[in-house]
Amino acid sequence: MDPNPRAALERQQLRLRERQKFFEDILQPETEFVFPLSHLHLESQRPPIGSISSMEVNVDTLEQVEFIDLADQDGADVFLPCEESSPAPQMSGVDDHPEELSLLVPTSDRTTSRTSSLSSDSSNLRSPNPSDGGGDTPLAQSDEEDGDDGGAEPGPCS
């Protein structure tokens, strides 16, 4: 080994002291270092780690939105309150601007109702038995389908 055991012992003690100092520096926090207050206030403005930006979320939301023309009377009857009097072509002062109104409606509800109406009767345990004569009735009716089911379709107020 080493011809001088004393020098080897001193080098080993020096390495042990350096290791001890290294771990003391890491494990003991320095009291003189303080985070600036601006760092704490910016946390709410930073995007969450690993998430997509809010701009991408807004674009995705807009792609899923369907515009409904409120100038179309059939579509407007669903969203506008009913009047007891006969429908007038224009109320005084309310619709002075003939601009087109539109309403944003998410398409996910319509897609869900179509999916449930197209599902097979065998997969739904509560579906009517085809031998009872109820096999041809849909489970859910979408807004676009016209059905005569006794006033379920919104119409003019009476």
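Glycine is no exception: its Cβ is also placed from the backbone N, Cα and C atoms.
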**Study point:** Of the residues Ser51, Ser85, Ser120, the one that Swiss-Prot lists under phosphoserine
**Key:** Ser120
Check your understanding: If Swiss-Prot marks one of Ser44, Ser122, Ser142 as phosphoserine, which residue does it mark?
Key -> Ser142
Study note, to complete from the structure: Checking Ser113, Ser119, Ser131 against Swiss-Prot, the one recorded as phosphoserine is Ser119
